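Here Swiss-Prot flags 4-24, 29-49, 55-75, 87-107, 115-135, 152-172, 177-197, 207-227, 230-250, 291-311, 324-344, 356-376 (among others) as transmembrane segment, drawing on sequence analysis. According to Swiss-Prot, the feature domain 'RCK N-terminal' maps to 400-519.
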Amino acid sequence: MEGSDFLLAGVLFLFAAVAAVPLASRLGIGAVLGYLLAGIAIGPWGLGFISDVDEILHFSELGVVFLMFIIGLELNPSKLWQLRRSIFGVGAAQVLLSAALLAGLLMLTDFAWQAAVVGGIGLAMSSTAMALQLMREKGMNRSESGQLGFSVLLFQDLAVIPALALVPLLAGSADEHFDWMKIGMKVLAFVGMLIGGRYLLRPVFRFIAASGVREVFTAATLLLVLGSALFMDALGLSMALGTFIAGVLLAESEYRHELETAIDPFKGLLLGLFFISVGMSLNLGVLYTHLLWVVISVVVLVAVKILVLYLLARLYGVRSSERMQFAGVLSQGGEFAFVLFSTASSQRLFQGDQMALLLVTVTLSMMTTPLLMKLVDKWLSRQFNGPEEEDEKPWVNDDKPQVIVVGFGRFGQVIGRLLMANKMRITVLERDISAVNLMRKYGYKVYYGDATQVDLLRSAGAEAAESIVITCNEPEDTMKLVEICQQHFPHLHILARARGRVEAHELLQAGVTQFSRETFSSALELGRKTLVTLGMHPHQAQRAQLHFRRLDMRMLRELIPMHADTVQISRAREARRELEEIFQREMQQERRQLDGWDEFE
């Protein structure tokens with residue numbers, strides 16, 4: 001692809017994403033399906049703006065690479081070791097059982113047994129990009145089903161190499177003996193990468209961070225991700241696996257959050273490009289000429305994988321409320337099928353339109369997943385949002401809540417318990433189905449669903465409620481919910497949780513003045529108690545705490561328009577001197593005017 005063509009393709013990709021994704025979100029079908037439909041529209045079987053799909057698809061796999069790096073950052077080695085049973089137990093069982101069943105079904109058609117084996121293995125794989133994206137959207141990351149789903153995906157990445165090595169053996173074109181020297185060199189290179197990454201990455205990033213230039217840190221992060229991907233590709237291994245390992249090696253470093261911040265924008269754009277490329281690869285000609293075969297194949301593929309995954313989840317002990325989420329999110333074919341089937345085609349394992357039919361089946365199965373998860377959500381909503389059992393005593397008897405609490409994690413539970421203890425009518429919205437199931441057993445009126453959906457807020461009583469308390473884990477969800485409430489329910493008093501000063505600034509800019517930084521108040525209280533243990537009178541310690549709170553809030557408001565670090569540092573030093581002067585005056589005025597408090601608890 002020439003430079004001008006590449007630039008034109010980039011413009012078309014951006015235009016397709018900007019046009020299709022907001023429309024898809026408005027229609028309620030999700031961003032992923034919007035990307036896929038945009039790809040169909042601009043691809044060779046749509047308007048025909050782009051024809052070189054294979055090259056773009058290979059480039060767009062970098063989105064999966066960046067995503068796996070961020071996933072690795074969230075998993076330290078000890079956590080990965082804890083997942084070994086689910087990775088090599090459930091993951092291996094899923095691949096083997098699904099591949100065997102699907103290969104058997106393919107053999108019932110015109111597929112030779114060799115082609116059926118390759119087809120079964122390829123179809124058994126799930127889409128890492130699709131599944132992880134949907135897991136994040138559904139809040140499954142920290143749930144049992146989400147952890148198990150990630151384990152299955154990780155094993156599938158590990159299974160890439162033996163699957164590719166199996167193709168020439170099935171085609172009868174493998175050498176009579178393996179090149180053990182070549183294999184040994186690859187193993188040594190891989191071990192060298194692990195050792196080098198373990199002992200060199202942190203010192204290198206410490207040196208780069210010392211320069212104080214943010215752009216260089218971002219460049220170094222990109223170099224690490226792309227370099228590890230290229231290195232693994234040269235070894236014939238999965239690029240995504242390489243970047244995942246690099247992320248795990250840095251998971252316990254002090255640069256973890258900065259690395260994630262530097263990578264996140266690239267990950268989002270490239271993941272969108274990947275889904276658009278998958279949509280472009282859909283061969284509508286084959287779909288038209290073999291419509292019945294393709295439809296049956298997609299239904300059978302999704303059904304077989306759901307059956308296998310559901311049974312494995314049940315055997316593994318996953319809660320019944322989470323099994324369908326786990327099975328549904330992994331029910332599609334994956335991007336690895338494109339690589340495996342292309343390799344098999346080069347070895348002449350497929351005949352006629354067999355490869356095209358399999359690829360169309362994989363692509364359409366990926367398009368069914370967002371819709372399938374919508375159905376799962378509706379089923380879960382009916383299952384867990386219905387009326388309480390007769391022996392349960394609901395906290396709220398009125399259908400018109402005074403307060404809606406969004407998120408019922410540790411932060412939200414404290415707020416909810418306080419409100420309910422004071423007989424306030426509240427409704428709680430939570431998208432972690434395991435938390436919903438558990439809390440409802442204890443009598444809490446908790447409902448399953450994504451609170452960023454206007455219809456759900458309306459059905460939860462937002463039009464009649466007086467206030468909404470937002471305690472989402474993700475700052476992006478908080479800001480999106482603030483915008484929705486201000487637009488559709490302007491009468492609501494918005495109270496929000498801020499994870500830190502950055503989120504506090506964003507809330508203030510959005511006009512939200514009632515917020516709480518999750519560690520600020522508890523840290524202030526512990527600081528007050530520390531002052532008392534050091535000999536300060538409890539009343540003075542309380543006043544010192546109040547002065548600090550007021551000054552910190554004032555400084556927070558003053559720094560909203562200031563983005564330069566040097567300005568913030570200068571203002572912080574000035575505020576510290578001001579606080580010291582206030583405390584000195586307080587001490588002089590109140591040294592002999594204590595209120596006689598013995599303690600303040």
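Placement of Cβ uses the backbone N, Cα and C atoms for every residue, glycine included.
Across the range of the domain 'RCK N-terminal' (400-519), the DSSP-based residue counts are 50 helix, 26 strand, 44 coil.
In this chain, the transmembrane segment (115-135) lies close to the transmembrane segment (356-376): three or more C-beta pairs between them fall below 8 angstroms, excluding pairs fewer than 6 positions apart. Highest Cβ contact count with the transmembrane segment (356-376) among the listed stretches 4-24, 29-49, 87-107, 324-344 falls to 324-344 (criterion: pairs under 8 Å).
With a cut-off of 8 Å between Cβ atoms, the residues of this chain six or more beyond the transmembrane segment (87-107) that come close are 113, 115-117, 119-121, 123-125, 148, 151-156, 158-159, 300-301, 304-305, 308-309, 312-313, 316, 330. Counting Cβ pairs closer than 8 Å and at least 6 residues apart in sequence, the transmembrane segment (291-311) and the transmembrane segment (324-344) reach three or more and so form a contact. Across the domain 'RCK N-terminal' (400-519), the prediction's mean pLDDT works out to 82.
Sequence-distant contacts of the transmembrane segment (29-49) (same chain, at least 6 residues past either end, Cβ-Cβ under 8 Å): 12-13, 16-17, 19-23, 130, 133-134, 137, 272, 275-285, 363, 366-367, 369-371, 373-374. Outside the transmembrane segment (324-344), and at least 6 residues removed from its termini, the chain residues within Cβ reach (under 8 Å) are 57, 61, 64, 94, 115, 118-119, 121-123, 125-131, 134-135, 138, 140, 143, 145, 148-149, 152-153, 156, 160, 163-164, 167, 170-171, 274, 278, 281, 301-302, 305-307, 309-310, 313, 318, 350, 355, 358-359, 361-363, 365-366, 368-369, 372-373, 376, 379-380, 433.
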